[in-house]
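Trainee: Take this structure, written in structure tokens, and hold onto it; I'll ask about it next.
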């Protein structure tokens with residue numbers, strides 16, 4: 001058996017076209033969706049992510065604003081800028097690129113963003129709303145994974161799902177979304193005693209820890225769906241995920257590649273969240 005590839009680029013293209021249509025409709029009514037992205041410091045990876053987000057906005061009819069600050073920016077000044085953006089009616093989404101310099105409390109910064117503009121879905125109010133099954137925004141990466149399941153008709157109700165990783169950005173919200181869809185969910189992490197015992201029983205495995213080959217072919221149930229959220233480099237410097245792709249694709253039923261799998265979906269769902277925020281603002285105007 002060779003797994004069917006879940007192509008994040010193709011699905012992302014379709015969803016971005018839909019987002020562009022919604023953006024055009026809003027703009028025609030005088031409510032162009034707007035996203036503000038804040039970058040503090042000169043982290044090369046963060047600069048690439050921010051550039052990709054801004055380009056996605058420009059390509060799909062969104063207004064975008066990039067604030068780039070030196071790593072010496074004070075926490076107080078960053079919080080003051082967020083307050084300004086909270087009150088700016090042209091801005092429907094505010095994103096602070098993580099990680100932040102050590103002297104800035106990222107939790108305090110995230111909580112400073114107005115929940116109705118927290119398009120990353122990280123604010124405690126939005127995390128709590130997700131927990132209760134009534135989310136205002138869903139964190140972009142797990143939201144994108146759910147869209148992948150939907151697009152490929154992968155049944156979640158009654159499925160055994162394992163999420164490897166417990167971060168607030170991917171692991172925990174991914175588990176909640178799967179649970180809300182009717183899956184039986186197990187969260188595994190660095191303290192899990194026998195990871196393979198869990199994954200071999202799973203119909204769905206989502207690997208999201210940032211560790212190469214955390215999931216190998218012998219750990220995959222035949223026909224399972226394997227979602228690789230990891231972003232790593234192999235010994236040759238080539239981009240790879242958390243899954244041993246070459247081995248796992250011979251056992252799994254569906255699998256996402258790296259690159260070209262989950263990655264493109266993350267920015268796409270950021271656009272979708274921003275559109276939803278703009279539509280709510282327009283309806284309330």
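Please read every residue number as a count from 1 along the shown chain.
Cβ coordinates come from backbone N, Cα and C, glycine included.
Swiss-Prot lists these features:
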BINDING   165, 166, 167, 190  NADP(+) binding site
Trainee: For a quick check of understanding: among the binding-site residues 167, 190, which residue's Cβ has the most other Cβ atoms within 10 Å?
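Mentor: Of the binding-site residues 167, 190, the most buried by Cβ count within 10 Å is 167.
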Trainee: Near residue 165 (NADP(+) binding site), how many other Cβ atoms are within 10 Å of its Cβ?
Mentor: 24
Trainee: Around residue 166 (NADP(+) binding site), which residues of its chain at least 6 apart sit with Cβ under 8 Å of its Cβ?
Mentor: 172, 187, 189
Trainee: Applying the rule Cβ within 8 Å of the centroid of the Cβ atoms of 165, 166, 167, 190, what extra residues of the same chain belong around the NADP(+) site?
Mentor: 164, 171, 187, 189, 208, 209
